[in-house]
Amino acid sequence: MSITSDEVNFLVYRYLQESGFSHSAFTFGIESHISQSNINGTLVPPAALISILQKGLQYVEAEISINEDGTVFDGRPIESLSLIDAVMPDVVQTRQQAFRDRLAQQQTTCTITASTSGIQSNAPKNGEATVNGEENGTHNMNNHSEPMEMDVDVEIPASKATVLRGHESEVFICAWNPVSDLLASGSGDSTARIWNLNENNNSISTQLVLRHCIREGGQDVPSNKDVTSLDWNSDGTLLATGSYDGFARIWTKDGNLASTLGQHKGPIFALKWNKKGNCILSAGVDKTTIIWDAHTGEAKQQFPFHSAPALDVDWQNNTTFASCSTDMCIHVCRLGSDRPLKTFQGHTNEVNAIKWDPSGMLLASCSDDMTLKIWSMKQESCVHDLQAHSKEIYTIKWSPTGPSTNNPNANIMLASASFDSTVRLWDVERGVCIHTLTRHQEPVYSVAFSPDGKHLASGSFDKCVHIWNTTVRAGLEFILCQTTEKRQLIVICLWLCFRLEPWCTATGVLAASSRCAGTAPETKLVPVPQTAR
């Protein structure tokens, strides 16, 4: 047996990445010198640390089932072990003795029961009541005051599913082309891919592989770094990608590398095109944000205002943007200005994400301090300080409704996704939570509205995607999409990039299309039946 500290550190590093702890993973990777190890990350399967822990747990359970002389122990443990149980001293002897004691108690109980079984054979069974003079009566279902909720599985036909295979490691992000049926995805295999999902193409979806390479010894070699951010320009002709190798890149939709943007001094956490399509904005671990000229690939201006890694950015208009950081601050900056136009302070922990509303008037931010805040350029303090989540808030999304949208007559909402396993919908005008969505069992990492704002999708580490109908007044109805595939992240990404093809929440099929790109094998829809709505 051979175990090195580099191997252990790498598995821990990958576990942190896969669990969504990107900032902790980065810090740990720097301190443990992951980049200097000889381990090829593309060969290590997802969930490797969990897999080896499970095998160790199974070994301890096997020990409990075998006596010291090698014979099989008389019986199996009644309950399985947890990781904490497995590392306790003398767990094998303790569990074996506990099982023997329990078995002896059960045998004693059976003996007493057998001796008295004939005495009360004609009496009502324990726990049974007499209803209307009859034994074993049942409640009148017609008089039941509340409808009973029953989950019914509805399988998606194979003809409605498209599985995109090709990535060799986790898929962190994906984005639909705004014009054509192209989907871009970014992965830990140091590639981005462009998938052609034209519904007129009956063959397997074609893919273009965008390999992220760095220059070493006069040659281009794979960077072996994660591609964690990407964004299409507004006319769908160019794709920008950001990588942990510190470079941003611009690609044509045909998969050709147009420019390499190299001024950051560390991993890039976020990047966005402006609406005009002439500039790209990036945020890096080097505490800076940069506006790039999309035509020349040159940096137009670097903004060194944060005192810690910048985590997210969002354009307000073609020249003004906001950025957030682990320094708990939000800066609003403008191209050509040598200082922030506004600095918002109030969060007490890392600010994970920021988003301008469709009109560009309000800025929403979410933080590890479990709060969601709404800011306005007209005042220094926040407009609303929304406190309802019980754990960190990972991401937020505005609905595409209200003024300045294609759905001006619908009320605008804000969705927040948290590590407390819930999604909350907020009425921003009143500053109140109008719905709490509680079907997930693990942290929620992704949320997205459909283009008409009538549906909301949420993706979680529990391998489930829920699709909610936001127009139901008495409570949101939902459809559950669940996958048993190990690489569930690509499923979450694909589902959470909505097309103009919402699922019908009554039938469990597409409302306006025969295709659902991104549904995985062994996927099921679980709608709430009419009687429970």
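Every residue number used here counts from 1 along the chain in the order it is shown.
Cβ atoms are placed via backbone N, Cα and C, with glycine included.
Among the features that TrEMBL reports, region 'Disordered' is placed at 117-136.
Sequence annotations record features per position, and here TrEMBL assigns repeat 'WD' to 164-205 (among others). The helix, strand and coil residue counts that DSSP assigns across the repeat 'WD' (164-205) are 0 helix, 18 strand, 24 coil.
According to TrEMBL, the repeat 'WD' annotation covers 227-251 (among others). Beyond its flanks by at least six residues, the repeat 'WD' (227-251) meets 22, 172-180, 182, 184-188, 190-192, 194, 210, 212, 214, 257-262, 264-273, 275-277, 280, 282, 284, 292, 294, 297 of its own chain at Cβ-Cβ distances under 8 Å.
Within the chain carrying the repeat 'WD' (261-302), a Cβ under 8 angstroms from the stretch's Cβ atoms is held by residues 22, 26, 225, 228-235, 238, 240-250, 308-315, 317-319, 321, 323, 325, 333, 335-336, all 6 or more beyond its ends. What TrEMBL lists as repeat 'WD' is 261-302 (among others).
Regional average pLDDT for the repeat 'WD' (344-385) in the model is 97. TrEMBL lists 344-385 (among others) with the feature repeat 'WD'.
Look at TrEMBL and you will find 386-436 (among others) tagged as repeat 'WD'.
Per TrEMBL, the feature repeat 'WD' maps to 437-469 (among others). Across the repeat 'WD' (437-469), the DSSP tally of helix, strand and coil residues reads 0 helix, 19 strand, 14 coil.
Counting residue by residue with DSSP, the repeat 'WD' (386-436) contains 0 helix, 23 strand, 28 coil.
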